[in-house]
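These come from TrEMBL:
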TRANSMEM  B:28-50  transmembrane segment
DOMAIN    B:93-300  domain 'ABC transmembrane type-1'
TRANSMEM  B:93-116  transmembrane segment
TRANSMEM  B:128-149  transmembrane segment
TRANSMEM  B:174-198  transmembrane segment
TRANSMEM  B:231-257  transmembrane segment
TRANSMEM  B:277-299  transmembrane segment
TRANSMEM  B:330-353  transmembrane segment
DOMAIN    B:398-592  domain 'ABC transmembrane type-1'
TRANSMEM  B:404-424  transmembrane segment
TRANSMEM  B:440-460  transmembrane segment
TRANSMEM  B:466-486  transmembrane segment
TRANSMEM  B:528-550  transmembrane segment
TRANSMEM  B:570-591  transmembrane segment
Amino acid sequence: MPDITLTDVSKSYGTGPAAVTDLNLTVPDGSFTCLLGPSGCGKTTTLRMIAGLEHPTAGAISVGGRVLDSVERGVFVPPERREMGLVFQNYALWPHLTVARNVEFGLRVRRMPARKRAERVRQALTAMQIDWAADRYPAQLSGGQQQRVSLARMLAVDPKVLLLDEPLSNLDAQLRLEMRAELKRLHAETGQTIVFVTHDQLEAMTMATHVAVLNKGVLQQLAAPMEVYRRPANRFVGGFVGSPPMNLIELGDTRSGTEVRRQLDRLRPELLPRVAAVGVRPEAIRIAESGPADDWVFEASVGAVLPTGSSWTVSVTPTSGTDPSASAPVDGGPELYLVSYQDVAATTGARVRCRVSADDLHLFDDDGARIATAPAPAVAP
Amino acid sequence: MTAVAQPRASAWGRLRYRLSVWRREPTVLLGAVLVLILLYLVVAPLIAVLSDAGQVQYGDEEKAGAAAGSVTSFYLWRVFRSPVSQLLFWEPLVHTITVAIGVTLVAFVVGGSMAWLVSRTNVACRGFLSTALVVPYMLPSWTFALAWLSLFKNDRAGGQIGILEAWGVHTPDWLAYGAVPITICLGLHYYPFVFLLFGNALRRIDSQLEDSARILGAGRFTVLRRVTLPLMLPALSSAILLVFGRILGTFGTPYVLGLPVNYTLLSTSLFSAVRNHQQGVASVVTGVIVLIGVAVVLIDTRLVREQTRFVTVGGKGAMDRRSPLGRMRWPATGLGLGVFVVAVVVPVLVLALTTVTRTPGVFRRGNFTLKYWIAEHLDGAPGFPHGVLRGGDLYTAAFNSLRIVGIAALVCGVLGLLVGYVVVRTGGSRLSGVLRQVTFLPYLVPGIAFAAAFLSLFAVRRGPIPALYGSLALLVIVLIVTHLPYSSRSGISAMMQLGREPEEAAQVCGAGWLYRVRRVILPIQKGPLVAGVLLPFVSGLKELSIVIMLTTTGTQLLTTLSINLVDFAYSQMANAVVLVIAVVSFLATYLTQRLSRTSLASGLGG
Ligand SMILES: Nc1ncnc2c1ncn2[C@@H]1O[C@H](COP(=O)(O)OP(=O)(O)O)[C@@H](O)[C@H]1O
Ligand SMILES: [Mg+2]
């Protein structure tokens, strides 16, 4: 039923640079779509435009075929007629109303009979496990509790689309984890279309069915989370999604650059002229003596080993591959980070052999766009 | 051809889109209407007054040697260069500057030292002093002038002599009238400005800065002179300019104390020009007052901007720091109480005594009387032949005051919040900026000049707008416009604090505009709204300089009634009316603070 479609939507505030530029985005019905991007990239603006609180300077927005905004055709449906729910980053509860009255507000507006209203309020509060606070005022609740009330307030009116603006950013780590699970459960139960804004890639990865990555007001990629992770559309997405971030190796004069160029020359010589940089995820770098023949193999000296409990993050600096005996002062070759899930025996200064399987090299061209790679052809050793 | 047509169609689309947004959201429309109305009410009077200054007025055709309505520099010549210009303009200008400097000094010395005592020392009765020392500002400014006359008046002017003369002490003219008493009386009225502004700044200053100086070996007074005072410079210059601006537009005190010796200030000179129907001259003087007022505010903002490098207030080190006064503690307390006695107790007591004694200063049984309050008939007072509480005059005036000020205050409160609403809702847009500036404009113009300008504008019918002179509506409008900067400023800050999200949440929930305003905005903003009504009400009750120009005998207010009685030289009754105003405005202020828990400082607009 209600796909949310944004067509060529642009928005600029006053004379400043555009907050959103030519955004084309379809949020599939029933999806849990996450708008992901660094702070200031236009996520909130996009969300508010969908809600009707900001007005695009160009383009059109429609939900389920119903046009809500069309600058060209002069159509505008005000927020109060859009039947959406929006949870604000700072909750925006009404301080003069009790929790129950806050939740009841939307139902009163819809002139629902009192009996039914009370029932719905109770349901919504129970669903968010905040029914015990029904008679309190928002100021008497903690941030996490206000968050639940603010969700309950929107759930009560059963909106077609639920919009959430960084709903977890003001919560502490423990609560955040709980609310993530809760939101996912909520989505599974109601099947509502949810659009969720965050700058935290982990949040996007863990919760969303679809991720739309934005940067400087421009859509970078819209795909399933694992797709975004595995096949980032460009350097920005590659670098933004994943923690620790992807290693980006310029094909320049650096040691790793030279190393990886040699590897590409061996495997995909036809692509080499187009490649400007190569991305390698930290968890794709293995410390291993042996492996498949088409692996990119390089010698490296260990900089630091940082155990995190479940894994080890290791910084390594490639030494020259041709002359393994040469000592490896850190002379400008960028350090690479790798994540290992097995105990790293090596200590600072040790020499190790690193391997990256050919499929794990992300190639980016001069503009930073991903270079599609057909499955690598078998290479003779 | 299509290449040209394409963008045009798109512009048309954008316009249509905008229109449909505006239709759904009355904010923009509301803002536009507000801007237009306010622009008219603020700018049109100023234009009218300027054009009056350059046009021959009816009745002046002969003197100016040109037909009425033709362009002339006659009034400029008359005010600046003619034989009467000394009397009309130059003397009043010099007097105004003299008085302003004097008042600023008095206010600075009294207010500054009291602020330091109360916020930085262990003076006794701090709580009492911090409230009591503000009371002079709650009294109408010319209360002090009337009290002064009751004490020091000699037989030069008509009416009853003062208490000192009655005791046989001759008071020279310079002590009884003119520059000295005007300066002292206004100084006593305005020192609370400095007291409050300074007190605030002193409390918020980072005490670590002073501690550092002490650690480096500076003595207490060196610290005061070399560290504290320089840090206070922004507050100081602000207070001085604020007081200066007020002096420019103050009317009551110079009128009461200056008139007997023809000591005129710009405000009183303007008043007599208006009263004598010299519209052209009045317009020129108004223009000058406006120019000086604008200059003062511009200098102030300039200084404040330059001094932002001194911004050291706030921060972690900001805390209450009270240095012990040692042996000086009780003398200092005495000084503080002394200021209170001189500025409040003595004037009020003197006024009260004069209203119940036949011969001033004689406190024998037979000399006391209540006739000035309640007598059915008073001999020798043909203009006001009964006690103040008898006859209808006081009640009519009180009713008028309450009605006019009440309506104006209500409108001010609502308008302030509306302006705040539009500014915040359209935040960042041009409309928001324009609205902010328009509402601030009246701040540049001293009230008395505004009144004169309104007189120019509304004396005759202009287009669809009728001549409003002599009507209560005109008084209401003037009071609203002159209070607009304070109202809108507090409205904006109240709405800023709320932000737009609470309303937007209601909007997303499906609530229409009226519903949102009724169920979300108003209930949340109840407190600020009450304060926004009460503050202009309190200051409006005491207002004289603005309304004196615009009232006629038909539209007497409490304040103008009191000045009228002064004109008749019925000093006891004038004193009685001022006492009534003082009591009412003191109670109203007290109530306001109780009800809205706002500080008085916000009502000062400082
Ligand atoms: N009301 C506004 N007025 C002017 N600029 C704004 C406004 N809201 C957002 N912006 C600007 O638009 C850009 C995008 O903002 P926003 O959508 O809030 O980013 P995000 O939510 O991704 O952090 C930012 O550069 C921000 O400064
Ligand atoms: Mg945001």
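Using the three backbone atoms N, Cα and C, a Cβ is placed for every residue, glycine included.
Spatially, the transmembrane segment (B:128-149) is adjacent to the transmembrane segment (B:570-591); three or more Cβ-Cβ distances between them are under 8 Å for residues at least 6 apart in sequence. Within the chain, the transmembrane segment (B:404-424) has long-range Cβ neighbours (under 8 A, six or more residues past its boundaries) at 27, 30-31, 34, 431-432, 435-436, 439, 472, 475-476, 479-480, 483-484, 486-496, 498-500, 521, 525, 528-537, 540-541, 543, 557. Contacts between the transmembrane segment (B:330-353) and the transmembrane segment (B:28-50): absent, as fewer than 3 C-beta pairs lie under 8 angstroms at sequence separation of six or more.
The transmembrane segment (B:93-116) is in contact with the transmembrane segment (B:231-257), judged by 3+ CB-CB distances under 8 Å for residue pairs 6 or more apart in sequence. The stretch in closest packing with the transmembrane segment (B:277-299), judged by the count of Cβ pairs under 8 Å and taken from B:231-257, B:440-460, B:466-486, B:570-591, is B:440-460. Contact between the transmembrane segment (B:440-460) and the transmembrane segment (B:570-591) is not supported: fewer than 3 Cβ pairs lie under 8 Å, counting only residues 6 or more apart in sequence. Cβ atoms under 8 Å from those of the transmembrane segment (B:231-257) belong to residues 96, 99-100, 103-104, 107-108, 111-112, 140-142, 144-146, 148-149, 177-178, 181-182, 185-186, 189-190, 193-194, 197-198, 200-202, 205, 209, 263-268, 271, 289, 292-293, 296-297, 299-300, 303-304, 307-308, 310, 312, 446-449, 544-545, 548, 559, 563, 566, 606 of the same chain, restricted to positions at least 6 beyond its ends.
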